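I have placed the structure first, in the form of structure tokens, so that the comments after it can refer back to it.
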Amino acid sequence: MPYGNSKEIETDFDSITISLASPEDILERSYGEVMKPETINYRSFKPEMGGLFCEKIFGPVKDYECHCGKYKRIRYKGIICDRCGVEVTRKAVRRERMGHISLSVPVVHIWYFKTLPNKIGHLLGLKSKDLEKVIYYENYIVIQPGTAERLGVEENQLLTEEEYYEILYQIRDDNNRLQDDNEEKFIAKIGGEAVETMLERLELDKLAQELRYQVRTETSQQRKSKALKRLDVVEAFREANEDGTNKPEWMVMRVIPVIPPELRPLVPLDGGRFATSDLNDLYRRVIIRNNRLKRLIDIKAPEVILRNEKRMLQEAVDSLFDNSRKSNSVRGSSNRPLKSLSDMLKGKQGRFRQNLLGKRVDYSGRSVIVSGPHLELHQCGLPKEMAVELFKPFIIRRLIERGIVKTVKSAKKYVDKKTEDVWDILEKVIQGRPVLLNRAPTLHRLGIQAFQPVLTENKAIEIHPLVCPAYNADFDGDQMAVHVPLSHEACLESMVLMLSSHNVRSPADGGPLAVPSQDMILGLYYITKAKSNQKGEGMRFANVQEVRQAFDQDQVALHAKIQLRDPDGSGEMIDTTVGRVIFNETLPDTLDYVNEVLSTKNVRPVIARVLKQTGFEETADFLDAIKDMGFRRSTTSGMTFSLSDIIIPDEKEELIEEANETVEEAEQNYSMGFITDNERYNQVIDVWTKTNNKVSEVLFDALKEHKEGFNPIFTMADSGARGSQEQIRQLGGMRGLMAKPQKNIGEGGGGGEILENPILSNFKEGLTVQEYFISTHGSRKGLADTALKTADAGYLTRRLVDVSQSVTVTEHDCGTLRGINVGALKDNEEVVAPLSDRITGRVSVRDVYDPHTDELIVEANELITDEIADDIAQTSIEEIEIRSVLTCEAERGVCTLCYGQNLATGRMVEVGESVGVVAAQSIGEPGTQLTLRTFHTGGTATREVGESTIQAKFAGTLEFENLRTVTYEDTDGPKEVVLSRQGEVRIMDTDGDRRELTSYVVPYGAELLVDEGEDVEDGDVLASWDPYNSLILTEANGTVRFEDIIEDTTYREETDEQTGHKEKVIVESRERTLTPAVIVETEDGEQREYNMPVDARIQVDEGDEVQAGQTLAKMPRQAAQTSDITGGLPRVEELFEARTPDEPAVVSEIDGIVSFGDQKRGSQEVIVTSRDGDMEKSYMVSLSKHMLVHEGDYVEAGDRLCDGQIAPHDILSIKGPRAVQEHLLNEVQEVYRLQGVDIDDKHFEVVIRQMMKRVKITEPGDTNFLEEDQVDRQKMASINDDLYDKFVVKDPSDANVEIGEVIGRRRLRELNSELKREDKPEIEVREARPAVGEPLLLGITKASLATDSMISAASFQETTKVLTNSAIRSRTDPLEGLKENVVAGHSIPAGTGQREYRDLVVGSKSELEELQAAIGGDGESPSGDGAAGDGAPSEEDVEQIEASGSEN
């Protein structure tokens, strides 16, 4: 047999291909056949010969020792023992040598008929159920009807055993003697053999042609999609089969491989028992059944017994390959399913994620961390005990060098004695050797940083306080891991790239991350705060030295207000305090004098300025200085937290009284029937929310005044050291409203209802038992949420990393001319993110000029710095076009100019930066933070008070657009009621240029309080409305008539128990034909119909006279929700996964006028007709939804017709890719912004780019794509480019080409001229048609699985599915992303591991000059990109350089 030739595994490869293994392949890799199911001998504990652990097949158990012991020691290496047949070699070969089992009958591989899509089923055109009947020996299948065709037998028909024998009985007797290729012969088989024969007989090319024809001509969508699915599998095999690497019949196996025994070990436990890997059990079952089947075949057992045994063999092999796919999986002794080969790959504990993507490493240790305030920013304290252990090999080398010991063994003993010499050597060894510190969970790249170790006597690692925010570390028992970089390159990278003092900026938003907090901030705040009537107040000083002198001599107090000549040399006097002067001594000289109280908010910009104007080195010194000052001053200030510092304001009682009265009033209105229960509830909640806010204002005012603003609790909160306004409110104000306990925590997000009686006490007064009980619920919800949501955030991060891991910066400029327009982000006219913030650090697409002076502000392809951004913001420019990764046209990854500035360094991003992973980490890291935010405030509910007015933000003149109003008179007099949906009020500048200052959309049903053309002042109220109810108004005067409003069918009468007031509330009716409506009949006989949605409360009775503008029905808006990131994280996930929302809005696809059609099955038809009447689209909107449009309204494409969220796929199909990108970006940013988290847009853009990378083929043209294929946009473009200037043969004439073949212009000319010479007609051709695709939006999970790298996809999710699909395609992974390379054990192709740097030769300049002189070159250096120039060194020279380099 052709097996046993050992293959050494190459480590230096640049791609990995996965394909089906042929039986020959399996035999070639095998070292022998496993014949017996035995494992080891129970007496000698040695492997049984020919068994699953056989030494003859897999190699010796002990190094260089054969089974019988005839040959021992290394000198017999390579000899095969003549007694036991074992090769004398290393025992490590037992980890790499494979065996095999030859099966008596072919067995079908479970992956290819149990995973979806069913590969074998698609190829043969069989249903999965039918296929399984054949495979598991229930039915015969007809492979060739032959003479049985006259009996009505067809190909692929299933036959029971009786039918099979019946047919054999009826056809010719010599059927069995005929050859298989004789068309007369009737062939029907069963089991794996049948499937194998059918796969062998397949003609893939012919099948592909038939299927392509069917796809082109098929009218039924269902049949067409079925044909496409089949075609997909057929094409996969055809592509892979061009070089004979994949044959369909290899999905049926005649030999199965046995993996090396060390990978499925038998481990002796104490007590004489053995623990074994599940695989051994599974293999044993296969071998036992296979041997039994062999024996049965040999003794010619009856067919029934054989068939049963064959089926059992098939099942045994199935279990071995994938036990979890089987319904009746094989279970072990403890009744758990055994882990099969597939399970070894899958999931977190599988091969990919456990051993390939993450490994445990040598030279590492972990210990508890403590604060090290005496350290410098780039240092960490390392316990001596740990250091000795970590640097042991280095110490041993030094000991031997110094001649203290002779051998490594004695050196080890010497080190363990821990003598003086050892400590001396250790001090020397760690000089210039950084260590890496890591804290789990490592949520972003700052979770691992490099430090210079300082040896300490304790057993805990000491951490600099300023790196805590980056690690999110505290000292309540956190542990950290230490790693030692070994090679010179690793040390260099650690020092240059990873040193903590070089990582002060956050990669997420570019702001400083090493910001003092807690004690340090308290000290800085204390030292820079002013106090009246202090010693030396009002003194004037000429310079800083004088102030220092006076303070040191106790002439002036720390908080005294003094005057100082401005150090900038302008000679002006500035009002400041002594403390601020002392703080400014720590600032670098280049910075302006900082004259403000330093709270967390104010310190951050100061650090940012220092960073910008100096650099990392000086910033680190500055940070160390303010750290020391902060700690010292907070200690000497004597700030403490005491009960007497909590003040309860006197006004609290009054405010609560007032609130109680208002609530009482609402209750009365309700009992009189003026308002609904819902309105009452909303009013009560609002009252308490407002009261709570007032109490906390009063409380803070009192604290501010107390001790002249030096109240410790106020100081701690105001400086941002500890505690929040919210927490102090609960200490001294009132705890406020609580969330209502609800069953469905975490479902659908929202925080749910709020209890309407608040907790009036605070923690200083103490809570009553009832109040305490109510408040426990919120606190527990917080803790439960934390636990559940952390996992979600972690999973989100994992998916983000997976989708964007392969995005690196691959070139400087991709040369695109496109960009995206960005302006300031506004929310109801309030600027959320100004223009300058959104364009800083990006690159402009074209030159930008000042519109007034026409001077150039920024050139095309130039980086917009802070200064340029401010210049642009000063002008009247509203938006500017910038380069973006969304429009970047780089083949792989993105280019420098489209990405812009690297936020972590403040410089342009370098080629090789792995921006994808940074983006994923920047988005995922706060996700975890956000989830942990809920419980600090103990679950107290906060809610926004609903908006109910429009106030003018500017003074100006009013203009109306699309605003329809009607005058309506009620008991309070006449009022203007708005009847339009999209009506706008604009405030125009009163000056000459009449530009629009701002515009407001006025909601339907609002009362308009101003007239067109009126002048308004800032703060005037323009309109007001009911914030608790949506209204339905009548637009004409007339009489009310009800239609389909039937008691207990379409409405129920709700009687309020307390008030006796009755209301008609519309309910969803069982009968779909009924559509409740209120009809208003006008005097001239016109009828206006108003549909009543579910939950509408009708305000009029049948026969009432109504006037235009009167309310017909109210719909309560949703009860107030608490806003909490619990809703936020699922929202982020929903957007990134591009999910359709639960209740999506129906969206208009065209601009046009709305009209209503019929009502069918509980839905209203809405028709949109374009203005020119050419196009008409009709939509069905469920009647339970609230309509946002009315008859005659004008809508634009993308406008909603009813309420609900717009599905991103709708935006893509209606408004195009740019709009959906903007939608996703803004929606996700909004969630983070609500939580006060700053993340730069470019990070979201990187992820959105990956979501939109693929297109769906709508017209395959003359390419090999199939309709509905999802392919990479770049791939489609390059294949279409290849088709340019090519032709498709329609009639080949006599040339050697096929119909439908694609040929180039040149070949066509040559063939035609040949035909001309022979006087034959020319070839008839047509131009080749390119493929057409439409952009696709994929969720991040789908996008990750759709990558070109199968290794990355397989290690992400759905491992078996990815591997089966790749195997039949014989896919090659080019190892371009980061993940694939980690799996393959290569350095990643980013940063210093880029492929371009692989072949560079490193040497000194002098060596290069010597070389050139030797070669006789002209002294020119080789060109920079590693390509050989004129004077390029030869290979021998290169080797010399490398040798000398390594000596240095």
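Sequential numbering from 1, following the chain as shown.
Glycine is treated like the rest: Cβ placed from N, Cα and C.
When the candidates CYS814, CYS1202 are compared with the Zn(2+) 2 site entry in Swiss-Prot, which names CYS888, CYS895, CYS898, the shared residue is CYS814.
Highlighted in sequence order, GLU55, HIS67, GLY69, LYS70, TYR71, ASP82, ARG83, GLY85, VAL86 have their Cβ within 8 Å of the centre of the Cβ atoms of CYS66, CYS68, CYS81, CYS84, the residues recorded for Zn(2+) 1, and are not part of that set. With a cut-off of 8 Å between CB atoms and residues at least 6 apart in sequence, the same chain places CYS814, THR816, VAL894, CYS895, CYS898, TYR899, ARG1249 near CYS888 (Zn(2+) 2 binding site), listed in sequence order. Classification of CYS66 (Zn(2+) 1 binding site) by DSSP places it in coil, neither helical nor stranded. Checked against CYS66 (Zn(2+) 1 binding site) by C-alpha proximity, the binding-site residues ASP474, ASP476, ASP478 yield ASP478 as the nearest.
In sequence order, CYS468 are the residues near ASP474 (Mg(2+) binding site), counting only same-chain partners six or more apart with C-beta under 8 A. Across the structure, CYS84 (Zn(2+) 1 binding site) and ASP478 (Mg(2+) binding site) are spaced 57 Å apart at their Cα atoms.
For the pair CYS68 (Zn(2+) 1 binding site) and ASP478 (Mg(2+) binding site), the C-alpha distance works out to 55 angstrom. The two recorded residues, CYS81 (Zn(2+) 1 binding site) and ASP478 (Mg(2+) binding site), show a Cα separation of 57 Å.
Residue with the densest Cβ environment among the binding-site residues CYS81, CYS84, CYS895: CYS895, by other Cβ atoms within 10 Å. Within the group of binding-site residues (CYS814, CYS898), the Cβ with the highest number of other Cβ atoms inside 10 Å belongs to CYS898. In the three-state DSSP scheme, CYS898 (Zn(2+) 2 binding site) falls into the helix class.
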